[in-house]
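See structure below.
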Amino acid sequence: MLDIKVIRENLDWAKEKLATRGIKPEQLDELVAIDAKRREAMVKCENLKAERNEVSKKIAAAKREKADASEAIANMREVGVKIKELDQEVDELQEKQEYILLRLPNFPADSDPIGPDESYNEEVRRWNEPTKFDYQPKAHWDLGTDLNILDWDAASKVSAARFVYYKGAGALLERAVYNFFLDENTSEGYTEVITPSLVNNDSMQGTGQFPKFTEDVYTIVDNDDPEVARNLTLIPTAEVPLVNYFRGDIIDGKNLPINVTALSPAFRSEAGSAGRDTRGLIRMHEFRKVEMVKVVKPEDSWKELENLTHNAEHLLQKLGLPYRVVALSTGDASFTSAKTYDLEVWMPAQDTYREISSCSNCTDFQARRAQIRYRDEDGKVKLTHTLNGSGLAVGRTVAAILENYQNEDGTVTVPEALRPYMHGMTKITPEVKWH
């Protein structure tokens with residue numbers, strides 16, 4: 001959530017910044033007008049409360065002296081009614097103000113490419129050349145089916161479209177990938193955490209998914225009354241429980257930065273993505289992802305964004321997967337992010353790069369929503385900054401391995417970094433079919 005004081009005192013700047021993220025200036029004018037009314041009502045209310053306190057002392061003194069205080073008492077009853085009305089007005093204006101603030105995205109960093117969509121993203125660097133083949137490479141969904149290690153048909157029968165079964169070497173590969181990620185992340189100083197997969201609305205609001213993106217997730221509904229939600233949502237990413245672990249806390253500044261990592265299932269409704277990536281592992285309703293989260297001091301967050309991105313790149317490099325780093329435009333960056341680097345892995349069958357990780361600096365945006373603070377060396381309490389990044393999306397990594405390490409005979413070579421996690425297996429060959 002943005003700081004209303006920053007908007008109030010820098011309105012033209014705020015309008016210019018948020019215009020690059022699709023926010024109309026009229027929204028900020030409305031917000032500032034509501035804020036002005038709220039502050040005016042607060043001042044009136046505080047003045048009346050101060051007056052009531054002073055008069056109450058005089059009434060008490062008059063009673064001690066057995067003097068008539070009936071007129072003052074009657075006046076104070078009227079003042080009490082006005083105070084109650086003003087308190088209610090302040091609450092209503094505060095609610096309206098918060099309604100708007102909760103739906104405004106983070107201010108973009110000055111270094112962000114300016115543009116309304118992904119076509120304005122800027123490539124920062126590449127690692128390794130795209131994998132070349134002397135033959136037409138197969139798509140990972142064809143490889144997975146031919147090797148009998150991925151089964152979308154069975155998953156569609158049991159669940160719905162955009163679900164998959166991993167079998168045999170496919171299941172072993174998936175497990176190898178996320179164990180490799182966790183081992184590498186912890187070796188880089190991250191503490192591994194196992195999180196809940198269901199979170200409450202306060203948590204979803206704290207990290208910025210609610211109230212703006214309620215259609216993108218799955219919420220648990222009471223079976224006895226389908227209209228009544230249980231206030232629990234299946235997590236779209238481990239970022240939600242990892243960041244909200246610190247919600248409402250005041251952290252000792254000596255303990256910052258805090259680096260945590262977690263493997264979790266991720267559940268996405270994929271609302272609005274009909275017809276896109278209908279085949280394969282790229283866009284699923286349920287998948288596994290290893291997440292990295294940093295809670296840091298504000299002065300360290302830009303350095304930590306580079307560290308976070310390096311941590312994600314390190315995983316792709318150890319797997320030998322070609323990728324590029326892209327700085328997202330103001331119109332393509334996530335709602336909570338001030339700056340995002342996407343890591344895009346090369347997918348030979350599609351002849352293009354596809355996102356496999358997003359590394360974002362959310363500055364104090366999530367910390368303000370979730371009230372994550374720290375106490376500095378002078379004892380002053382301040383908001384932290386939070387960062388998050390995929391380290392990495394597991395299914396997409398499996399897809400990239402299948403496509404980049406495929407052989408002409410239809411087998412897939414296992415990357416050297418994963419062989420210790422796959423019982424020494426060097427090549428994935430077709431699994432026996434059950435039917």
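Cβ from N, Cα, C; glycine included.
These numbers come from a predicted model, not from an experiment.
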- Query: If Swiss-Prot says T237, A238, E239, E291 bind L-serine, which of S119, S156, S390 does it name for the same site?
  - Reply: S390
- Cα-Cα distance, maximum over T237, A238, E239, E291, S390, record's L-serine binders, Å: 9
- Message: So among T237, A238, E239, E291, S390, all listed as binding-site residues, which is physically nearest to E270 (ATP binding site)? Use the C-alpha atoms.
- Response: T237
- Item | Largest tally of Cβ atoms lying within 10 Å of a Cβ, found at which of the binding-site residues E270, E291, E355 | E291
- Query: Relative to the Cα of R268 (ATP binding site), which of the binding-site residues A238, E239, E291, S390 have a Cα no more than 10 Å away?
  - Reply: none
- Message: Quick check: of the binding-site residues listed here (T237, A238, E291), which one has the Cα closest to that of S269 (ATP binding site)?
- Response: T237
